[in-house]
Amino acid sequence: MGLRLTNALNSAIAFHPGSIRYSATNLRSPKLVCCDSWLTALCLLAMVAVTGCSRSPTPPTKSSQRNNSVGVETTDATNTDNTMAREELRILGSIPEFTLTDQAGKPYFSSELDGKIWVATFIFTRCTATCPFQTAAMADLQRELRSRGELGPVELVSITVDPEFDQPDVLLDYAKGFKADFDHWHFLTGDRDELWELCKDGFKMNVESARDATTLITHSQALVLIDHDAQIRGYYPALSEDAKIRLRSDIQKLLDEQNPDRFDEVTQVDVPEDVRDPAWLTDRAVSQIKKAESYEVLHDFKFQDQLEQTQITFHDQVVEDVKRDFKAAHYDHGAAVAVADVDNDGWLDLYFVCQLGTNELWRNLGNGKFEDITDRAGVGVPDEVSVGASFADVDNDGDADLYVTRIRAGNKLFLNDGKGNFTDFSAESGLDHVGHSSGAVFFDYDRDGLVDLLLTNVGKYTTEQRGPGGYYLAYAAAFMGHLHEERHEANLLFRNLGGGRFKDVSEAVGFNDKSWSGDASPIDANEDGWPDIYLLNMQGHDEYYENQQGKKFVKRSRELFPESAWGTMGVKTFDFDRDGMFDLFVTDMHTDMVHALDPAEEKSKMRRNLPNNVLATDGNHILGNAFYKKTGKDQYTEVSDSIGAENYWPWGISVADLNADGFEDVFIAASMSYNYRYGINSVLLNENGKRFVDSEFILGVEPRSKGSAQPWMELDCSGEDAGHPLCKNHGGKLSVWAAVGTRSSVIFDLDHDGDLDIVTHDFGGTPSVLISDLTDRHTIHYLEVNLVGGPSNRDGFGAIVEIGVGDRTLRTVNDGKSGYLSQSRIPLYFGLGEAKSVDSIRVLWPSGTEQSIPAPGSVNQLITIEEGDDVTRASR
């Protein structure tokens, strides 16, 4: 640009470099139009470098300092201020009263600035040296003050030292080039002698005629800060970035000094604007209630959020990458909630996982209340990013041990002493893998009586940089990580050696998989009694590995599942229609991120997917949730649309018989958070194995009692958060509200009243504890079954329980899966519908034993079945 500009000037031809219009035939008046101040300054810097309008710098003296090469001079006042320690703002002088003329040609009185803080600088429009930089700095300051709501309490004043040329119309034209707000930024002119006297005697800054032919006027390039009493409080060289930062800070000090309580009121902002109880929620509720008139399933009961009554105070803390800065990264997948009776007192306890801060273990006191026993139990895992939690009896000693997955910090295995006191056994166990770990699934793949572990690892989505709290910052394009081979991480299979020790056998058994997986589930697709693996892939095809009698795994993914959803999160196997075969429900989150759907479209599949080169697959995908109905050995048919299994933004799923009618229902945790619109959690009641019917509004799950929005973060728009996009039009403190979004959930009988309750883990917020009133409204019949393995693993994971009720057989597999990223030790729940008794009970144990047990004399109880013992024992 410099050469072009020089040639243009030499030939006196008009030149327009970018957004700067500079007329070579009138060098006295460069006109700046439609440009950002930083670009103006950059362009003018180039012009100064080539026009040769400056003189060589003069070495600094005690009384003066040449700040640049164009004869800009600072006086003792500004020089002293630049070097002194700025622990407090001193009073450096007072500004006398003045009357000048503004850019509109109207009189401007200094009294108009009374009671206000203002920043002044002296310029002239023909200046091609520092004046454009001074004015650009003022433009930057105007923009920042406006974004904080502080333009007005703080005024800007630019005073010319060349009034003969800088008439009001010239100043007006010049100011427009910097997008000046003339309500608060004033360009002043007047009599030359008065202006120079004001500059020298009032502002204590130098101005003088040029000493050579290349410069018209020399003057200070400082910006001057004046308080509400017209007292000078600081000088700030416009060419110094450090000085401009100090100026902004000192303005805040004066605003605080003037009004110490100015931040007492916090401005509240909703992101997006309609996130708080949007109108479509009401429309959805009305529509669903109307449709319920035709439902052929019990739906006359409610859930009520009783979090406050439980005294659980857990609040999820998330990393800044997804909280303050919103980066599209896998941190937004959140964390787990898992359930187990950690102290063997007969009541199921809750473990909440947290990204920052501490995970929390809450003991069920049996009276509807919980107590925090995290510290006593020793399972807090503080100051690390935790993700998943799985309870399992890894050493077969009869209690719930705990495994916690983390991001690049080493996973944790805690062994339980049976009383809820845990010992960190991570290093000795061989399970302290370091990676981007996610869901962990315990199952006995070799049927040796010990639970093994399938560990999913998402892939490398973080950099080496650390953020607040010590977490690793994510890549800016983390969700394109699957396109980078070097970012793939292996999913791992660990064999239990006994005594809580494990060995990685992934390669030995042929389980070589680098899918970007967040979770998985054991299934038995070929019905041979050996648990196979269905592995989710949030950025690619799901994978299916067939178990070859505990010795090898063979990938048969596309043979059984030629189409899969591309961005899967949740998976659960259960007998949807009670035909004796286990179907497979898979939720797809990432496809729903391809484009935004209107709330009215949420039950439909996506209309388009990403291009194949982004998918990195053959493109053979189901564009939404997938429901594979089992039709025979190794045979599945995808039926999601015909049975109503679609929803929007799903994460994990929990399956249980919520209305105790003998058919298992589904709770789907859903919704994003900041900065997306609200998304509902879904309750799909199973209508006699024929279809799912939407019931979340009917049952009181939606709208949530805590609303659709939650406090997300607080920004100091006049301080360290000033540059945040949300601070653009705000000053002071900003309370940002964002959508409530559930990630994980678990269903169990929390209060022992015979019906099933739901506990959620809400991203960046508080959980919901949804207590059912089914047993208060209806007389129901149910049976709960607790399994204790003998030759099989102690948890009985992998066992199939069959309950005969009249001409139906209720068949359930015990896998501990309930919700995203978690595994729990929960009794199996069988709703019996109208049946008041059961006819038979049969257990198919992982060991291969088939055990028939005499039916209990009564229902509505929890029974315990021990492998090899033909007697059932009432546990509650």
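A Cβ is built for glycine as well, from the same backbone N, Cα and C atoms used for every other residue.
Taking Cβ-Cβ distances under 8 Å and a sequence separation of 6 or more, the neighbours of Cys131 (Cu cation binding site) in its chain are Ile123, Phe124, Thr125, Gln221. Secondary structure at Cys131 (Cu cation binding site), taken from DSSP and collapsed to helix, strand or coil, is helix. Look at TrEMBL and you will find Cys127, Cys131, His219 tagged as Cu cation binding site.
Positions annotated as compositional bias 'Polar residues' by TrEMBL: 56-72.
Annotation comment: TrEMBL describes Cys127-Cys131 as disulfide bond. Neighbour list (Cys127 (Cu cation binding site), Cβ cut-off 8 Å, at least 6 residues apart, same chain): Asp162, Leu216, Ile217.
Annotated domain 'Thioredoxin' per TrEMBL: 89-256, in sequence order. Confidence across the domain 'Thioredoxin' (89-256), taken as the mean pLDDT and rounded to a whole number, stands at 92.
Per TrEMBL, the feature region 'Disordered' maps to 56-82.
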Other CB atoms within 10 A, centred on His219 (Cu cation binding site): 28
